[in-house]
Amino acid sequence: MVKDTLFSTPIAKLGDFIFDENVAEVFPDMIQRSVPGYSNIITAIGMLAERFVTADSNVYDLGCSRGAATLSARRNIHQPNVKIIGIDNSQPMVERCRQHIAAYHSEVPVEILCDDIRHVEIKNASMVILNFTLQFLPPEDRVALLTKIYEGLNPNGVLVLSEKFRFEDTKIDHLLIDLHHQFKRANGYSELEVSQKRTALENVMRTDSIETHKVRLKNVGFSQVELWFQCFNFGSMIAVK
C-alpha cells in the first residue's frame, strides 16, 4: 500500500481536491487513515449484500473508487445471475479498480465504467452503494440522483449511503470535527497535512446533517431509513424500498 504524503509539504497554491492520478495511487492508505470506521463499513456492506441481493438482479457501486465496496459485496453474493456495475468519473480510479477486481476470481461478473453517476441508468437493482460519494455532488443534484436510485431499485431493495455528516448543534459539530482531526493525527498525519487537505476539500465536499439525509430519503419514497453506523462525524445509513 502506497503511503499518502500528498499534503506533507507546504503547497503554495492549494487548489480544489480532485481524484486524480496522485490521489488514486495512495487512495487505500488515505481513506483508511482519514475515515474513522471505514473498514467496518466495508465489511458490513458485504453482510448487507448477503441479506439483500436477490437472484437475477444488479448491484450498483456509485463512486466505486478502487473497488473496496464492490469486492466486499461480491465476496458475499451467493445468488445466481447477479451482476455488479461500478461507476466512477475518475479514469485513474477506474483503471486501478479494474486491476484490483481482476486479481480476485469470482463467479459474479463485475463491470467498471468511467462515467458520471448522474448520467447512468439504474435498473433491476437489489442493492445500490453510495459510499462517501453523495457529498461530492452539487447539493442541487442530490434529490434527482436519489430519485433515480429509488426508481431503479426493486421492491425491498436497499441503498447503502455512507457520508461525512455535519451537525446543527455547533458545539457538537466542532467537537466531532476536532475528534476527527485527532484521529488523523493519531494515524500519522501532521497538522500541516490535516490543514491543507481540509482547505482543498472546502469547496468540493458539502456535507448534510443526518436529519437532512433521512428526510430527503423518505421524501424520495424509501419506506425504512436508519443510521446503522457512526464514528465521530462519519457514518452510514440504509434505506429500504
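Each residue, glycine too, has its Cβ placed from N, Cα and C.
As recorded in Swiss-Prot, the features of this protein are as follows:
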- Y38, G63, C64, S65, D88, N89, D116, I117, N131, R198: S-adenosyl-L-methionine binding site (BINDING)
(message) Please give me the CB contact count at 10 A for Y38 (S-adenosyl-L-methionine binding site), counting all chains in the structure.
(response) 20
(message) With the cut-off set at 10 Å between Cβ atoms, which of these binding-site residues ends up with the most neighbours? Options: C64, N131.
(response) C64
(message) I'd like to know which of these binding-site residues, D88, D116, is least surrounded, judged by other CB atoms within 10 A.
(response) D116
(request) Indicate whether N131 (S-adenosyl-L-methionine binding site) is helix, strand or coil by DSSP. (result) strand
